[in-house]
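If you check Swiss-Prot, you get these features:
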| type | residues | note |
| --- | --- | --- |
| BINDING | 174, 220, 443, 484 | L-aspartate binding site |
| BINDING | 220, 221, 222, 229, 477, 529, 530, 531, 532 | ATP binding site |
| REGION | 198-201 | region 'Aspartate' |
């Protein structure tokens with residue numbers, strides 16, 4: 001029979017109606033001769049009642065054979081429940097079954113289909129189709145669908161044009177490693193799966209599309225963590241003739257629309273703006289979490305005269321004050337934080353506690369002469385804990401920024417119901433790579449430099465600033481963008497500053513440089529990480545929880561066993577040969 005409605009949508013207004021439902025058996029309970037079934041579908045759970053006095057012996061026998069995850073079809077009359085279940089939207093009603101058909105049976109599942117399961121991640125991914133039956137996973141993916149629907153409606157209203165760009169593109173330097181695809185037709189040549197549609201969307205501006213968007217898959221072969229996947233989805237935007245402020249206004253409107261339509265939250269516009277240098281100085285991060293205080297304090301000048309060379313001779317001395325936390329952290333706890341500090345390049349972690357108005361701790365004796373000045377500078381009160389890092393400014397900022405976030409989580413200082421958006425602006429154009437031994441683009445080589453610093457492309461690259469902007473939510477980079485270079489000579493200077501010879505630049509980006517000969521308009525854009533955005537809206541800590549079929553931390557799929565080996569014939573067609581791993585040769 002045709003399904004009347006979803007099981008999770010049956011309500012009191014349906015009492016007395018005969019309906020047909022289809023779904024999965026969640027639980028079966030036998031009580032006093034009656035059989036109760038929790039029928040589950042994507043919209044929720046509905047209680048079924050099979051009464052032996054009201055159904056045939058055949059229906060009763062079928063009901064007695066049901067097990068968890070059997071797929072069934074039932075017909076019956078909706079009735080009011082004697083004892084309502086306030087925990088379920090359908091809790092005021094039940095279905096008195098008159099007909100029952102088993103559409104399919106099921107083996108015992110490797111884990112229970114319920115929220116809060118204890119199965120490990122690889123087991124969940126191995127049986128992802130079962131994991132996705134769980135209500136919280138269904139809700140996460142329904143939320144994702146609502147977000148993309150809201151985004152599309154908003155951008156369509158603003159006359160953005162949805163254009164698909166190629167997945168088989170050219171490998172270019174800069175950024176993370178590419179995923180390469182060998183060409184069978186052009187032997188020895190490779191496509192790259194795009195890390196973003198950056199260049200193609202810029203070319204669409206040159207083509208006159210004016211406003212482009214795409215919700216698009218991107219690919220990066222990089223080390224994974226909780227907010228990264230090898231394939232991910234971004235909301236990609238590009239516009240012509242708009243200023244940095246206008247692009248940010250459009251983005252804020254998009255965020256506000258999504259927040260209202262999916263979470264019922266009215267966000268305050270415009271979002272705060274923080275300069276990159278200020279974000280690093282105050283929060284120790286270029287993606288600051290502003291849901292709590294504990295700002296970094298610069299004490300370099302305050303401690304200059306102390307008889308403690310670690311402080312007095314350090315390039316920078318910075319500190320954070322953990323208010324009222326002196327009793328929360330033992331010496332052993334602080335030793336653990338010291339190990340964290342070393343991971344960020346710090347040589348150690350100094351500390352003092354304020355006890356009865358006096359400084360206590362390993363370095364307190366060196367600070368007695370400046371206690372009053374220190375107390376004033378840090379607004380110290382009894383029971384405060386002060387953590388110091390003496391090192392380069394970069395190391396001090398990064399270390400204390402990491403400790404700031406860690407401590408806030410440990411002490412429960414973060415309001416998880418808050419959504420604090422902000423812009424980080426006025427970025428450096430380049431960042432130094434120790435691994436490469438050279439300056440590299442902080443964003444990408446197509447970012448427009450601020451006019452007043454562009455002359456440093458032939459001078460001190462550390463002084464070049466970019467017209468770039470990142471949007472941050474609760475300590476996560478939600479997205480980033482910039483105005484782009486549209487003048488050929490400036491783009492060539494940028495490539496040269498990055499160490500490209502004219503020949504290398506032409507080989508890698510000749511098509512873009514050529515396009516700049518044909519009236520390339522001023523343009524700029526932005527991309528928002530959809531997976532990360534939905535993760536934060538859903539209150540999850542890993543983007544795997546909002547992706548239908550993600551990879552694990554080894555970039556593999558336990559369900560399909562991808563990546564896998566392929567037949568020798570396929571490799572021969574591609575003129576490829578796999579070298580045996582040296583470790584395998586000795587086994």
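Cβ coordinates come from backbone N, Cα and C, glycine included.
Overlay of Swiss-Prot annotations on the structure.
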| residue | record | DSSP class |
| --- | --- | --- |
| 220 | L-aspartate binding site | coil |
| 443 | L-aspartate binding site | coil |
| 477 | ATP binding site | strand |
| 484 | L-aspartate binding site | strand |
| 530 | ATP binding site | helix |
Residues from the same chain, set at least six apart from the ends of the region 'Aspartate' (198-201), whose C-beta lies under 8 A from its own:
165-166, 169, 172, 212, 214, 236, 238, 444, 446, 509, 512, 525
Just counting, how many other CB atoms are there within 10 A of the CB of residue 477 (ATP binding site)?
17
Nearest of the binding-site residues (222, 530, 532) to residue 443 (L-aspartate binding site) - Cα to Cα:
222
Under a criterion of Cβ-Cβ distance under 8 Å and sequence separation of at least 6, what residues of the same chain contact residue 484 (L-aspartate binding site)?
202, 446, 447, 448, 523, 524, 525
Work out how many Å separate residue 220 (L-aspartate binding site) and residue 477 (ATP binding site) at their Cα atoms, rounded off.
17
The record lists 220, 221, 222, 229, 477, 529, 530, 531, 532 as binding ATP. What's the largest Cα to Cα distance among them, in Å, rounded to a whole number?
19
Give me the mean pLDDT over the region 'Aspartate' (198-201), rounded to a whole number.
97
